[in-house]
Amino acid sequence: MEMLTKFESRSSRAKGVAFHPTQPWILTSLHNGRIQLWDYRMGTLLDRFDGHDGPVRGIAFHPTQPLFVSGGDDYKVNVWNYKSRKLLFSLCGHMDYVRVCTFHHEYPWILSCSDDQTIRIWNWQSRNCIAILTGHSHYVMCAAFHPSEDLIVSASLDQTVRVWDISGLRMKNAAPVSMSLEDQLAQAHNSISNDLFGSTDAIVKFVLEGHDRGVNWCAFHPTLPLILSAGDDRLVKLWRMTASKAWEVDTCRGHFNNVSCCLFHPHQELILSASEDKTIRVWDLNRRTAVQTFRRDNDRFWFITVHPKLNLFAAAHDSGVMVFKLERERPAHALNINTLLYVNKEKSIVSYDLLRAQSTTVASVKHLGSAWLPPRSLSYNPAEKVALLTSSADNGVYELVNVSSRSNSLPLKDNIKGPGDDAIFVARNRFAVFSRSDQTIEIKDLSNKVTKTIQLPEKTRDIFFAGMGHVLLSTATQVHLFDLQQKKIVSSFNANRVKYVVWSNDNSQAALLGKHYVYIVKKNLELITSIHETIRIKSAVWVENNVLLYATLDHLKYALMSGDTGVIKTLESTLYLVKAKGNMVFALNRAAEPVSFEIDPTEYLFKLALLRKDYEQVLHLIQNSNLVGQAIIAYLQKKGYPEIALQFVEDPSTRFELALECGNLETALELARTIDRPEVWSRLASDAMSYGNHKIAEITFQKLRYFEKLSFLYLITGNAEKLQKMAIIAEKRNDTLSLFQNSLYLNEVESRINILEQAGMYPIAYLTAKSNGLEEKAQQILSHCNKTEEEIKLPSLGSAFTTPVPVNETYTHNWPLLDTSHSTFEKSLQERMEQLAIERQEEQESEEEYEEVEQSLMDVVDEMSDLAESVPEEEVDGWEVEDLAPEEAVNDVVDDASAFVGADEIFLWKRNSPLAADHIAAGDFESAMKILNKQVGAINFSPLKTRFLEIYTASRVYLPTISGLDPLVSYVRRNAETAERSQALPFITRNLASIKSHELHEAYRLVKANKILEAQICFRSIIYLALTTVANSEEEADEISALIDECCRYIVALSCELERRRLGEEDTKRALELSYYFASADLQPMHSIIALRLAINASHKLKNYKSASFLGNKLLQLAESGPAAEAANRAITLGDRNPHDAFEIEYDPHVEMRICPKTLTPVYSGDDFDVCSVCGAVYHKGYVNEVCTVCDVGGIGQKGTGRRFFA
């Protein structure tokens, strides 16, 4: 038996201590008059209470209420509320020191005893004294309620122990009952008698005499009819009582000074006593012999108490308080696959099947060590079916037990014993025995013969298993991996006082458990991560090689190899984990009983999937688990996954911050409209400009009415039309400065002059007119000012002020960004979230509402309304129907290459590449057109003009020189890493990744928003960009070609939808055919779902149930759940009930077909047809050499060598 100290405080002399029934708190009453509240787990002082004058002796918590009572030398019994930290009231009545005070376990009573030779019972609710027990002739040192009966025991310096019967008091204070007249008269008579001769509410039942000197303490046994007493005669006496008598059983002798306090062990047949001889002694209740003595050098013990529920004791002494327990409560156990071997409280080895929940006793180890000390550890050898147990009794002993037979619980005769502090198996037929005193390890065989003795190189505290032929040596500051064959340390790791080691399933990692830390290391003791806890760590178990579950006193937690930790659940009691599999955890409790419970592993599985970059698992957990909470959101932000955190948040402000963090400006815009606060719009404007998204920046500036910033934005993006509107707005606002600024941006000279005249700034107006050659206007200003030209001395005037003319309509595009490589998870997540958005939209709209939306979207998009008015809900995105050329055309730079410095490089560009884009960059537009005509049969190049100029401009950098000289030209290469000029190739702006992340994303968005015309224009622009793009590999070239084919499919499909909307109710049969053609197109899943649902709705209206059923089956393949799946199932059900079509239409779903863009009719695989080599559109015969209506570039039926994007 050993004293395991859990907490110790340092203070002045402590006279009393009390455990809280549920919280890890103790109250200590000090001799200096102060009361302290401690958290004994954390070792922290929580509060102090001052209210007594003089020493405080009695202290006790209430069992259920937030109250405690204290009694001191100021004769007061104080009742406190520890939550409000206030003294509620004082109970006055005692005439001398109050020694003990305590609460009744059931009634609102407080029991107190005093040096005034009385015992008082108080009702703390009514704050009255309800009984005074007199009879002792000296100080009453102790009084206590019986745990279950209506009895009180008291001890006094009059050398007696008295037992009081308070059943009368209980009946008197019980709930009132109806009584007859006779009972009422009898009660009145008794009341008169009590006034004359004293109360009979509490009467002395027994007077126990046996002590030779004063009695300091007495206590009832929790369950047996026993009483314990201790006194100044240095004896601890045991008494037994019955209903009619009480007598002394025996005396425990051994203390050599006054015994201050004593108690019964609540769970074992032991007695504990505390004495002024500076010892705490443990006695055998049955034999009344001393079991163990715990001594302090300088502190006398004054009080000892036990926790009402846990196996903890607290003792008050001269230097403070200590909390301790007498034995380790961790059951010795070992796991072999699904079989758990453990030692129960009866010291028998039990084999427990975790899957079947069946237990079998296989051996007994009652004779191992001391009767009061359970085995400390168990090591199991599954090959030989033997177990090795160790105990700390007798300076360390081990026992080798055969557990293969299913015999009775009697000890086996062939058990082998020997001295040793630790013993573990290190091979199939070898085990190691560690001696702490000798610092040696003996290797023994199963017959207990020593085969090898190893002297350890370091002072070792414990040894642990570390694989066959290896052990871990735990020292005070380090852990060593020790090779038993080579007798040397292989590797070391700095860790203080490692208590337990838990190996992973494949023995590749280990968790080193200390008192407050966990170190996770590799097999060679290389650190992976470390975890620190403020509460003691009790056990750990591996779920798999990357997840560790560990238990503290209060919680079950997890740890990942990245160092991430979290709480899985709160534990009602301390558990020792033995195995975890899936969502089941198996453990042993402190009663050495196996328990199992379910956990929710979603949180650590989610984090583990992120750690492994298993995005499919992450997506699955998001869709099927209830992952919520600020902790998950903060974790995702910390780990750099704001786009995932965005899916968990509902609060608009938090979603807005996350959207900005992950660069999702479209979502941020929607949220800004919801929040609608100036600071939010300002944040969005700043981020939009940082990302080069001038379209969203324009919306934010409109919302904030930043007119100057809007004007400048339109200037740098070349949007002259909106600059003109800004000038009109400035005029309406009477903002002269803004109007002048916009006239500068627009280069409107006459407007500037008029503004300056209106402002009375005639000199500047005159200079402006003269410098821009407006002589007539200059003369008008002079005449208005009564001046002549001779009177004015003009400075030398420079050239007229002009604004640059934009080469490209840059306001139609946002600034291009580098495309990040989207993971499988991000793509799946984006597609899934867009699908959910479509489904929610379809849930909210009825068919009639959807038709109204369709009708409204058939019209051409109106021009932007006056910017001074409120901003519309959504800006018109996409390409304009007509491309307006700038007022001043850009001069074509197709001069003779020999006239330029560096013309050799341009020649090399054309020589090194057969691609049209490289010839465009060289300035040889004619050669590029010939290449496109030869490769893809292009015949109409006017739509490519803007793209040609863009490529040409982006391949050069012009450096201005001194006035009068032409600028220096520097050519930009895409293979700048190549040193040889002979292999130079020009830089081609806009690659595949850029097109996908901007134009293609925008086109998808327009389709989703039901903006059909804009979407067609956007897809057509993608064809122009892709046709003159250069690939970095053959694979990328194939992707570009596939992108052109996809754009062609979208344009033809959207043409069918536009034609159907134009027809309306004129030709319902033709409209139904067009809806089928739209639904049969190979589109993205989210767009195909919309098309199929529209076609199903149209089929139901015209009673084509058979065709609707076929479309329903296709829809069900794309949408397995949600409203779309419900609509598909309804269509299939109606088709099964009525498998007929009311209209015969030109549509065969079982034959492969393409749609002719000219006639919007099917072209089946067996028909004659012509193809556009540019976009791949298929036409009926009869349109050869006409311009393709899909791409507007290629010639129908023109032959070419094929698309080429990689050289």
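Here the Cβ of each residue, glycine as well, is placed from N, Cα and C on the backbone.
What Swiss-Prot lists as phosphoserine is Ser409 (among others).
Non-local contacts of Ser942 (phosphoserine) by the CB criterion (under 8 A, 6+ apart in sequence, same chain) are absent. According to Swiss-Prot, the feature phosphoserine maps to Ser942 (among others), an assignment based on experimental evidence.
Within the model, the repeat 'WD 1' (9-50) carries an average pLDDT of 92. Residues or ranges marked as repeat 'WD 1' by Swiss-Prot: 9-50.
Helix, strand and coil residue tallies for the repeat 'WD 2' (51-90), in that order: 0 helix, 23 strand, 17 coil [DSSP]. Swiss-Prot lists 51-90 with the feature repeat 'WD 2'.
Within its own chain, the repeat 'WD 3' (93-134) is flanked in space by residues 57-63, 67, 69-73, 75-77, 79, 140-145, 147, 152, 154, 156, 164, 166, 169-170, 173, 199, 201-202, which lie at least six positions past its ends and keep a Cβ under 8 Å from the stretch. Here Swiss-Prot flags 93-134 as repeat 'WD 3'.
Annotation source Swiss-Prot lists repeat 'WD 5' at 210-249. Residue counts for the repeat 'WD 5' (210-249) by DSSP state, with H, G and I taken as helix and E and B as strand, are 0 helix, 23 strand, 17 coil.
Positions annotated as repeat 'WD 6' by Swiss-Prot: 254-293. Here the repeat 'WD 6' (254-293) has Cβ contacts under 8 Å with residues 1-3, 216-217, 219, 221-222, 226, 228-232, 234-236, 238, 299-306, 311, 313, 315, 326, 372 of the same chain, all six or more residues outside its ends.
The repeat 'WD 7' annotation in Swiss-Prot covers 296-336. Among residues of the same chain six or more beyond the repeat 'WD 7' (296-336), those with a C-beta under 8 A of the stretch's C-beta atoms are 1-19, 21-22, 26, 28-29, 38, 40, 63, 257, 260-263, 265-267, 270, 272-280, 282, 342-344, 372-380, 382, 387, 389, 538-539, 574, 576, 578-579, 588, 590, 592.
Marked as repeat 'WD 8' by Swiss-Prot: 370-411.
Mapped onto DSSP helix, strand and coil, the repeat 'WD 7' (296-336) counts 0 helix, 21 strand, 20 coil. Per DSSP, the repeat 'WD 3' (93-134) is made up of 0 helix, 25 strand, 17 coil. Residues in the repeat 'WD 1' (9-50) partition by DSSP class (helix H, G, I; strand E, B; coil) as 0 helix, 27 strand, 15 coil.
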